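What TrEMBL says about this protein:
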TRANSMEM  32-61  transmembrane segment
TRANSMEM  68-86  transmembrane segment
COMPBIAS  94-103  compositional bias 'Polar residues'
REGION    94-119  region 'Disordered'
COMPBIAS  104-119  compositional bias 'Basic and acidic residues'
DOMAIN    141-273  domain 'Palmitoyltransferase DHHC'
TRANSMEM  186-210  transmembrane segment
TRANSMEM  236-258  transmembrane segment
COMPBIAS  333-347  compositional bias 'Polar residues'
REGION    333-377  region 'Disordered'
COMPBIAS  355-368  compositional bias 'Polar residues'
Amino acid sequence: MAPAGGGGGGGGGGSAAGKMAPSHVLKCCQKVLAWVPVAFIALVVAWSYYAYVVELCLFTITSTGEKVVYLVIFHLSFVMFVWSYWKTIFTSPASPSNEFSLSKSDKEQYEKEERPESQQEILRRAAKDLPVYTTTTSRAIRYCDRCQLIKPDRCHHCSACDLCVLKMDHHCPWVNNCVGFSNYKFFLLFLFYSLLYCLFVASTVLQYFIKFWTLCRRKSAENCPKNELLDTRAKFHVLFLFFVAAMFFISILSLFSYHCWLVGKNRSTIEAFRAPMFRNGPDKNGFSLGCSKNLREVFGDEKKYWLLPIFTSLGDGCNFPTRLVIMDPEQLATSSPNEPAKSSSPSQPFPTRPLSESQNRLLANESQWVEAGSEDENIKSGVKKHIIVSLES
């Protein structure tokens with residue numbers, strides 16, 4: 001009987017292994033297929049390089065000066081485009097630090113609790129010293145069961161990457177990566193240099209496109225004037241090069257314009273569709289500090305690095321300055337030590353916390369963060385106002 005039992009156990013183990021194998025193969029296939037869009041873009045870029053440098057500049061253009069100018073500008077835009085694209089693809093998404101993970105005791109207690117109210121109480125206790133100011137729509141602590149951590153502001157879980165990404169904007173299949181805090185600047189530069197690349201190619205190819213298109217409509221090239229081009233294989237590359245460059249330019253222009261608008265408003269794509277929930281309710285402009293400071297938050301303080309795909313964004317991705325939780329230093333100085341701040345009322349999920357170093361850099365010499373209409377009103381009244389979030393109990 002013992003051998004029979006052992007045989008049964010072996011069969012069960014074989015069955016479990018058989019179930020795991022297809023799952024593992026499926027994941028491998030998904031990872032391989034995820035690189036198909038990137039491979040497609042790489043092939044198109046490689047072909048465009050050949051078509052422009054070899055077929056157009058070397059075989060079609062006869063003027064040496066025109067060749068040199070075109071090749072120099074082309075390679076500058078090409079290098080910046082490929083560099084920013086490479087950084088967008090291979091920069092790993094930033095994840096929350098260990099301080100946002102529950103302690104071992106809290107995690108065990110959280111898993112044992114069955115009531116959501118008790119679980120939320122554990123999360124509130126763990127988050128009391130964390131720089132977290134947003135909640136779910138139901139006023140609950142934003143917790144990721146998959147990663148088992150409290151989500152920092154603007155952090156979301158990406159199902160494709162299977163991790164929580166700081167300041168997640170979206171998962172882009174064309175780069176096979178999550179666009180977030182660590183590579184959002186690279187993504188913007190990738191779009192920007194893609195536009196310049198396509199615009200330069202389309203504009204310089206246009207005159208030859210017109211000549212080749214006219215030539216294609218003739219029955220033969222025998223009667224072709226001397227100032228026109230001969231019927232060679234380069235015409236097919238030039239014709240398609242113009243169409244591809246113009247098509248990509250139009251499609252990327254709309255996407256780049258949208259993200260420029262998001263940067264000016266200091267919103268992610270997710271926040272544009274679903275406003276973050278603060279203590280006083282949802283507010284799409286909760287993280288907006290004004291257009292200038294919003295740009296600095298993404299591109300950094302030194303403008304000489306803005307157009308280079310090197311990381312210069314401000315902050316750590318876990319803590320963001322917000323106009324809804326800033327305390328006026330004068331108000332703090334005049335407040336009684338025994339008088340609790342309004343923003344730390346019992347009905348609020350989190351108490352007000354001191355500003356971090358990254359916040360102070362962006363909020364230096366400023367006493368208010370409101371949109372243009374509120375700023376004009378404060379200027380007219382001549383009164384410095386502090387903004388304290390208070391939730392009516």
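Backbone N, Cα and C atoms are what each Cβ position is placed from, and that goes for glycine too.
Worth saying up front: this structure is predicted, and the values here are computed from it rather than measured.
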Reported mean pLDDT - the domain 'Palmitoyltransferase DHHC' (141-273): 89
Non-local residues, at least 6 beyond the ends, that sit with Cβ under 8 Å of the transmembrane segment (186-210): 48, 52, 56, 60-61, 70, 73-74, 77-78, 80-81, 84-85, 87-88, 91, 169, 172, 175, 179, 229, 238-239, 241-242, 245-246, 248-249, 252-253, 255-256, 259-260, 263, 298, 307-309, 311
DSSP-assigned states of the compositional bias 'Basic and acidic residues' (104-119) in counts, ordered helix, strand, coil: 13 helix, 0 strand, 3 coil
